[in-house]
Every structure is written in structure tokens, then in C-alpha cells.
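Engineer: Sharing a structure, written as C-alpha cells. Questions coming.
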Amino acid sequence: MLTDLTVIWALLLALSVFIYVALDGFDLGIGILYPLFPQKKDRDLLMNAVAPVWDGNETWLVLGGGGLMAAFPLAYAVLLPALYPPIIIMLLALVFRGVAFEFRWRSGSRFTRRAWDASFFWGSLLASFMQGITLGALLQGIKVEGRAYAGGWWDWLTPFTLLTGVAVVCGYTLLGTCYLNWKLEGAIQTRVRHMARRLGLATLIFIVAVSLATPFLTGEYYLRWFTWPSMLVAAPVPILLALIALSFARSLFAKRRDWAPFALALAMFALCFMGLGLSMWPNVIPPSITIWDAASPRSSQVFMLWGAAIMLPIILSYTGYAYYVFRGKLDPDEGYH
């Protein structure tokens, strides 16, 4: 029973992290795009595109972090000291970004508005980059001795983590352009669509680079991707990714279905997420701590599962309702502040 609950909680946390990446990813990507739109009216449009949903998107980050602490306390206890610098920078960046979101509309001068615009951009960029750094540090492995972190203060900073950091920034920016293509129209939509074409190519290059580097981080990753018969399980991921990438490229040249590039970009992210899961499973902290090693007692998992059964449908419902209410194209003459 404990094993079953542990797997269920691992899947729930993976789902929470992916929903966060899917929703807050485009949100952060729009912030990264900010300097490319110097005119106030364009920046107002970008803000209004995400104003109704941005704070709800970050609910999933809180859910993922809280769930990790409760369901896998050992993993939480090891990850935090191993990744204190990038996590703290990410949280501070999200704070400055959130404050900028609200105070920009109340700025009384051009100078203060530009200051909040800069906070919005740098908060989005740093949060995205640090999330990529955290992903790379987890993938490359964390040194553990006696159920405690045994590495150094700077172990998280390596060429591979810098690669994953830039890759996540590029991927989030792609999601941002695709979401704006869906929500906007006219000249600014044409502009973001052209950006999406270039960012799509760059993102695919980074996906290939990270995918080629990851199997050589540990022997376990290599065996899973390049030996028989393990490769039969992993092989569909890159094949499907290539097919969806082709469909994504075609969708950017289509004149209809503005939602399609965003949906296909999310599908590419989902396949990348599956690839990461296949590489790491069943480890929650590679290369030595599995989900069963890190799991909380059965009584705790049962108690939390009842809470998740109640809260997850509520969160999914109000998230879906928010997107339903604010569906359709954005009216440039209307704002949400």
C-alpha cells in the first residue's frame, strides 16, 4: 500500500510541476519579451494578456513545493541546502515581478513606470533562468551521504546547468510568444508570430543539446536511452517530439487556428517532461535517493491524499474557469486594472 501511495504522490507532484511550467512558463516568457516592445501601448497589451491569470498560475508552484515537503521530506531536506542560491534568487525574482505587476499601473511618472517595467523583465528572466539551473542541478545529480547533502556551495553551478538555464529561458519565451499569438491580433500578432518562428528553432536546438548531454551525466541515464531493450521505452519520446515540432512549424505559417502553436508548444514541453521523467525514474534525487527512500510514513500520505482529493479539483476548476471567462482575443481598449 505504501508503495502504491508513494507512486501516486510522485505522479501528483510531477503533474503539479508540469502544470506550473505550462501556465507560468508563458507568463514568465511574456515578461522576458518586455524589452522588445518599448512602446507603452504594446507593453500594456502584454500586461493585460496575463493580468487575469498570472497569480493563479503560481498556485501550482506553491502546491508542488508544499507537496514535496509533506510527501517526500527527505528529498526536501536534501534539495534545499543543495540549491539554496538558485531557489532564493528565483523566489526573490518572483516577488519583485509580482510587485511590479501591481504597482506599474499605479506609477505616477514615466520614471517609476520604467522602474517597474525593469523589475518585471528582470524578475521574469531571473526566475526562468534559476528554474532551469535547478533542473540541471537535479539532473546532473546531488551528492548525498548519511541522508544529508554532502556537496559544496557551488555544486549547482556547472556548464550543464548553465545550458539548462538558458534552454528554459528560451522555451518560456517561446511559450510567451505563442500565447500572445493566440490572444492578440493585428500588427503586434504578426510580430510575435515572427518571433515564435525564430524562438521555435532556437528552442529545438537547446532541446537537442540538453538531450544529447543528459545521457552522459551518469551511466544509468546512458543505459536507459541507448541500450536494448530499455531504449524501446524511451524511443517514442524523441520520435513524437520530432513529429510535433514539424506540426508546430507548420502551424506558425497557417492563417487560422491561432491557438494551435501554443497547444503544440505545450505538447513539446510535455514530451520533454516525459523524457526527464524516464531518465530519472524512480529517483527523486539522482543518483541515490528513490521516491520510496524519501517518502513520508503511510499515515501521512493517506491524510494528505484526502486533502489533495478535495483541493486539486477545486484548483483545477477555478483555474479553468478563469481561462474560460477571459477566453478570446484581447481588446486593446479594455484593461484588467
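Note: Cβ is positioned from N, Cα and C throughout, glycine not excepted.
Unlike curated records, TrEMBL annotations are generated automatically.
Taken from TrEMBL, the feature transmembrane segment applies to 6-37, 82-100, 120-140, 160-180, 201-219, 225-249, 261-282, 302-326.
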Engineer: When each of 6-37, 160-180, 201-219, 261-282, 302-326 is checked against the transmembrane segment (120-140) for Cβ pairs under 8 Å, which one has the most?
Structural biologist: 160-180
Engineer: Can you work out which residues elsewhere in the same chain, 6+ from the ends of the transmembrane segment (302-326), have a Cβ less than 8 Å from its Cβ atoms?
Structural biologist: 5, 8-9, 12, 23, 52-53, 56-57, 59-60, 63, 67, 70-71, 296
Engineer: Short question: which residues 6 or more past the ends of the transmembrane segment (261-282) have a Cβ under 8 Å from it?
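Structural biologist: For the transmembrane segment (261-282), the sequence-distant neighbours (Cβ-Cβ under 8 Å, at least 6 residues beyond its ends) are 10, 14, 18, 21-22, 25-26, 135, 138-139, 171, 174-175, 178-179, 181-182, 193, 196, 200, 203, 207, 211, 214-215, 221, 224-225, 233-234, 237-238, 240-241, 244-245, 247-248, 251-252, 290-292.
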